Amino acid sequence: GKVPPSSILASAPSDRNLAVWRESGCRTTHCNLEVLQESTLVFLATKPHVLPGVLQEIRPAVGPHHIVVSMAAGVTLQTLQRLLPAGTKVLRLMPNLPCVVQAGAMVFSRGSGAGDEEAALLKSLLSSCGLCEEVPESYINIHTGLSGSGVAYVYLFAEALAEGAVKMGMPGGLASRIAAQTLMGAAKMMLETGEHPAKLRGDVCTPGGTTIHALHQLEKGALRATVMNAVEAATNRARDMAKD
Amino acid sequence: MSVGFIGAGQLAFALARGFTAAGVLAAHKITASSPDTELPTVSGLRKMGVNFTVSNKDTVKSSDVLFLAVKPPIIPFILEEVGPDIEPRHIVVSCAAGVTISSIEKKLSTFCPTPKVIRCMTNTPVIVREGATVYATGTHADVEDGKLLEQLMASVGFCTEVEEDLIDAVTGLSGSGPAYAFTALDALADGGVKMGLPRRLAVRLGAQALLGAAKMLLESEQHPGQLKDNVCSPGGATIHALHFLESGGFRSLLINAVEASCIRTRELQHLADQEKISPAAIKKTLLDKVKLESPSLSVASASKVSLFTNKSHSS
């Protein structure tokens, strides 16, 4: 409820995706330049390979009052600033999928033209979608590996949990819902108590009980190392892609 | 108060050294006995000023607190031998892994109606007064008896009372624990040497690192996971190293080790309760001595001897 839909203008070359926007009450157009003319805060939400072309197109219409926020993976602030007028207020944002349910994890970095005011505005606006933190640009690829892709790791884990339950005799639908709730509940406890996850883990482990037996299985499978490998692989891939 | 050790091996030596260094007991108030005078620890005990004898009976007579510091299979023979000399004042403390209080009480009850028995599990670092000890009191041991033992053992490290059924787990963790640490230290030193450090320095630094970490943990309210995080700067050396440890299943190996030691302790206890052991497993001198002093216990040399009964059976 931070911004009324009528204040949002979205543009796309075709109508394919625009209907959804109109349904929410937003205005739409096929003209990118119109977005620059009508808006102060402009989000660049195209696929990375399309972006340079779009920047060329809108460059003449970009002025000192504009705040340009790019969400294109792998497109650096240096590139963005090179393709836009000197001194433009540019910021780079990396969200993740659960933003759609207001439980996102987002990081952003500011370019040389953007100041505290712009950063504060963006943070305040995006906090309505979840956790939003300003970071040095070098963290953005890491965020991709941790949380951008990380969401997929969680889905995989949830699927496996449910499968285990099915094996032990529970119907799949129920198992899936309980798996999701378990993950959400555990995450909520971490966020709300601020306690170290190792301590929270210990709190659940009664001596000789079910949990410690299960954890031993996870340790035997070197789950921790595997997860670390996953974050590393995704981060490295993000770094490689940014060079292309 | 005087303390006696049946057995003059590593454990007796470590405890005697610890007690005297702590000043809770003067060496001349300690007696240790063993049929084997060639043990290297015997001369160590003598040098300390501990009274050494080959007669277990003498040890019993001159002690109030009597430690059974022999290997588990020897315990029944010892109990048989010294049983008649146990008096109401004695507190019998068994340090033998896997030997239950009830088995000791059962054996002693043929000689003494209400023997005070305490079962204890300690570890070798008592020698440097950093031992980890737990104890469980038997049927006839009072609270004061427990507290007396606790005072003694607290002088050589950490000591706390537990329920007897936890003692096997303690064996797996802190009983065997120093061995895990020595293995880790040896390997850490190898790592240091590989990267160019002289061996002595590598050993010294490795040991100090573990000592320091353990001390930090004991003095901190924080979870070890948090303390670990505090050492790991983002993208730094330590987190790279930890990743290797995790990849190798380091944590799981340690869990496995504690589990294996605990399970083996239970197995040995089970074997002791159920089966027979061959006399060849027992030192000849002890066997002869036992034969001499306890004619009621007859041992056929070719047959196996049952523990915890007064009769011998052939298998």
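Along the chain as shown, the residues are counted starting at 1.
The backbone N, Cα and C atoms fix where each Cβ goes, glycine too.
Matching B:Ser34, B:Ser55, B:Ser109 to the NADP(+) binding residues that TrEMBL gives (B:Ile6, B:Gly7, B:Ala8, B:Gly9, B:Gln10, B:Leu11, B:Ala69, B:Val70, B:Lys71, B:Pro72, B:Cys95, B:Ala96, B:Ala97) identifies B:Ser34. Its Cβ placed at the centre, B:Ser34 (NADP(+) binding site) has 27 other Cβ atoms within 10 Å.
For B:Val70 (NADP(+) binding site), the same-chain residues lying six or more positions away in sequence with a CB closer than 8 A to its CB are B:Ile6, B:Gly7, B:Gly9, B:Ile78, B:Ala96.
As a whole number, the greatest separation of Cα atoms within the NADP(+)-binding residue list B:Ile6, B:Gly7, B:Ala8, B:Gly9, B:Gln10, B:Leu11, B:Ser34, B:Ala69, B:Val70, B:Lys71, B:Pro72, B:Cys95, B:Ala96, B:Ala97 is 19 Å. The DSSP secondary structure for B:Asn56 (NADPH binding site) is helix. Residues near B:Asn56 (NADPH binding site) in space but far in sequence (CB under 8 A, at least 6 apart, same chain), listed by position: B:Ile6, B:Ser33, B:Ile78, B:Glu81, B:Val82.
All protein chains considered, the CB of B:Ile6 (NADP(+) binding site) has 27 other CB atoms within 10 Å. When DSSP labels each residue, the domain 'Pyrroline-5-carboxylate reductase dimerisation' (B:164-268) comes out as 89 helix, 0 strand, 16 coil, counted as helix, strand and coil in that order. In this structure, B:Val70 (NADP(+) binding site) belongs to neither helix nor strand by DSSP; it is coil.
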